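According to Swiss-Prot, the features are:
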COMPBIAS  9-36  compositional bias 'Basic and acidic residues'
LIPID     G2  N-myristoyl glycine
MOD_RES   T4  phosphothreonine
MOD_RES   S5  phosphoserine
MOD_RES   S6  phosphoserine
MOD_RES   T19  phosphothreonine
MOD_RES   S24  phosphoserine
MOD_RES   S25  phosphoserine
MOD_RES   S40  phosphoserine
MOD_RES   S96  phosphoserine
MOD_RES   S101  phosphoserine
MOD_RES   S108  phosphoserine
MOD_RES   T148  phosphothreonine
MOD_RES   S182  phosphoserine
MOD_RES   K201  N6-succinyllysine
REGION    1-43  region 'Disordered'
REGION    68-163  region 'Glycogen-binding domain'
Amino acid sequence: MGNTSSERAALERQAGHKTPRRDSSGGTKDGDRPKILMDSPEDADIFHTEEMKAPEKEEFLAWQHDLEVNEKAPAQARPTVFRWTGGGKEVYLSGSFNNWSKLPLTRSQNNFVAILDLPEGEHQYKFFVDGQWTHDPSEPIVTSQLGTVNNIIQVKKTDFEVFDALMVDSQKCSDVSELSSSPPGPYHQEPYISKPEERFKAPPILPPHLLQVILNKDTGISCDPALLPEPNHVMLNHLYALSIKDGVMVLSATHRYKKKYVTTLLYKPI
């Protein structure tokens, strides 16, 4: 019972442990300080001990913060259209998204246009028109503490949900291996054989209302020979051919324009 410290030291030597030595101030020497394992879940508990110094703790926390920032997915860039309609010869765009460097705009008829991929969030911009800085009064503006007026734009994910849905649909339809231009069903190589009744079938009978061709009718004595009787509506927009006589073929067609009917005759020598 009286030699407890010596027994404890012997047990620690058998287990392979080494008791850290402390200096006169009560701290642990540099050679005996526990090592930091960066990927170990027990690293955070090391800083709760009194042996860890403040600069080392701040260094580890800064490293851990940078690691968390790198693990976050970057914001998706969204195509954003900038348009200047105020005229001019040379128009440039400058904003917080490109560190206020001048970007030339492309002329489109009377307008100047640029399409940029911007991350989601709030962005300020301005136009440089013919050597003078200006803003678009028709777009939202913001005024700084120094009195500078800039245009402001909000790039939101919700504004592109329709385009994202269309992109997903196009990706789903991009695989054309499952598509076929032929209708479903079995196919064979047997030739088509027409039935006897189909082979000797007579042409369809001419409808009876088309037999009354107004060109074949005789006009009465009291009628103007240059005028024809009013045709039936079923006779319109049909091409009629007269039997060839004296080497001439006659074609006719009747059309209606509002309340008038016009019959055209074409004579073609054969």
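A Cβ is built for glycine as well, from the same backbone N, Cα and C atoms used for every other residue.
Feature annotations (Swiss-Prot) mapped to structure.
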| residue | record | Cβ within 10 Å |
| --- | --- | --- |
| S96 | phosphoserine | 15 |
| S101 | phosphoserine | 10 |
| S108 | phosphoserine | 9 |
| T148 | phosphothreonine | 12 |
| S182 | phosphoserine | 6 |
| K201 | N6-succinyllysine | 10 |
Pop the Cα-Cα gap between K201 (N6-succinyllysine) and S101 (phosphoserine) into the table, whole Å please. 82
DSSP three-state call for S108 (phosphoserine): helix, strand or coil? strand
How far is it from T148 (phosphothreonine) to S96 (phosphoserine), counting Cα to Cα, in Å? 14
Out of S108, S182, K201, point to the one nearest S96 (phosphoserine) in space (Cα versus Cα); all of them are modified residues in the record. S108
Model confidence for the region 'Glycogen-binding domain' (68-163), as mean pLDDT, reads 84
Give me the Cα-Cα distance between K201 (N6-succinyllysine) and S108 (phosphoserine), rounded to a whole Å. 65
According to DSSP, collapsed to three classes, what secondary structure does the residue listed as 'N6-succinyllysine' have? coil
Between S108 (phosphoserine) and S182 (phosphoserine), find the distance joining the two CA atoms and give it rounded to the nearest Å. 44
For the region 'Glycogen-binding domain' (68-163), the number of residues DSSP places in helix, strand and coil: 14 helix, 49 strand, 33 coil
